[in-house]
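J.: Sharing a structure here in structure tokens format.
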Amino acid sequence: MHTGPRHETWLAHPPRVLLPPALLPWLKDAGSLTARIRARCTRFEVRVLCQRLARVRRDEAWLLGLRVGELAWLREVLLVADGRPVVFARSLLPRRNLRGAWNLFHGIGARPLGAALFSDPAIARLPLACRRLDGRDARYHRAAAALARQSRAPALPRALWARRSVFLLRGRALMVSEAFLPAILELRK
């Protein structure tokens with residue numbers, strides 16, 4: 001668990017207070033989020049918002065063993081089920097890991113990263129952590145801006161629940177965080 005300012009703390013277990021009960025399975029499932037969403041919709045797509053070098057946030061730097069403000073390869077996407085954005089996902093790969101182990105990151109385009117991560121038995125996932133993202137967090141605002149650009153997308157609630165974990169391939173880290181948008185609760189079971 002990362003400790004920092006209270007609003008930046010990631011937890012090993014989701015607190016049941018303030019958490020919609022229907023969201024708990026989404027936060028705790030260590031399997032492929034892509035596969036879980038695909039099983040609950042007829043049309044799935046990945047909308048790429050950006051793929052570029054970007055400065056990492058304090059809690060991300062700590063998790064990836066980087067210095068605050070160091071550059072990493074960033075990919076932000078919306079996972080869309082039946083035309084509705086359901087997840088805002090943010091992946092970070094330290095620049096030193098771009099070659100070799102994680103070369104799949106180049107040219108991935110609009111293909112789901114989860115499909116690649118869960119199809120390679122050499123990739124290990126570290127435990128999930130979760131937290132609420134609110135207006136004090138830049139990731140909340142990135143998700144809100146991405147959602148605002150979508151047609152018919154509702155405004156975000158005051159906070160979003162998110163989870164993240166690190167995937168390791170030959171000792172090289174890739175961090176994936178996923179913020180659950182309100183429409184996730186509308187997917188069929």
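Just so you know, glycine gets a Cβ as well, placed from its N, Cα and C.
Automatic, uncurated: that is what TrEMBL annotation is.
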J.: Check TrEMBL: it lists LEU113, GLU178 as binding substrate. Then name which of ARG67, ARG75, ARG149 it lists for that same site.
T.: ARG75
J.: Give me the count of other Cβ atoms within 10 A of the Cβ belonging to ARG75 (substrate binding site).
T.: 21
